[in-house]
Amino acid sequence: MADQLTEEQIAEFKEAFSLFDKDGDGTITTKELGTVMRSLGQNPTEAELQDMINEVDADGNGTIDFPEFLTMMARKMKDTDSEEEIREAFRVFDKDGNGFISAAELRHVMTNLGEKLTDEEVDEMIREADVDGDGQVNYEEFVNMMTNK
């Protein structure tokens, strides 16, 4: 399944993986997964975290390595019920709930994830997604960005 991913997608997932893999040991533990999810405003229980790991933990060692992470991401991309997931992700970014993601909101979430971006990088991300050129990302633009990769 992961063999249907492009080089670019794999590179992006590698970056995402390293955000989760806080200690850089090449695996994601339930603790690391919990840290990232909480920084995104979610509040998963220990059991939920364990379930999420078990779902993709092919070798059963209790952690997720990069190949397992890739499989999980490939599966998620194929999921058609991702509409709700995308809406949820949009809500995470849209802090004030006004239906738009501003550069400040994007910077805030990325910083919470431990991804320190320069103002230029944040502006570039907004520009890439901002089809109508109003300087912020609305839901439709966000959906396009998430699904057209």
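Placement of Cβ uses the backbone N, Cα and C atoms for every residue, glycine included.
Going through E85, E105 against Swiss-Prot, the one listed in the Ca(2+) 3 site together with D94, D96, N98 turns out to be E105. The Cβ of D21 (Ca(2+) 1 binding site) lies under 8 Å from the Cβ of T27, I28, E32, each of these being in the same chain and 6 or more residues away along the sequence.
On the 0 to 100 pLDDT scale, the domain 'EF-hand 3' (81-116) averages 86 in this prediction. Residue pair E141 (Ca(2+) 4 binding site) / K116 (N6,N6,N6-trimethyllysine) shows a Cα separation of 23 Å. Secondary structure counts, DSSP: the domain 'EF-hand 2' (44-79) has 24 helix, 2 strand, 10 coil.
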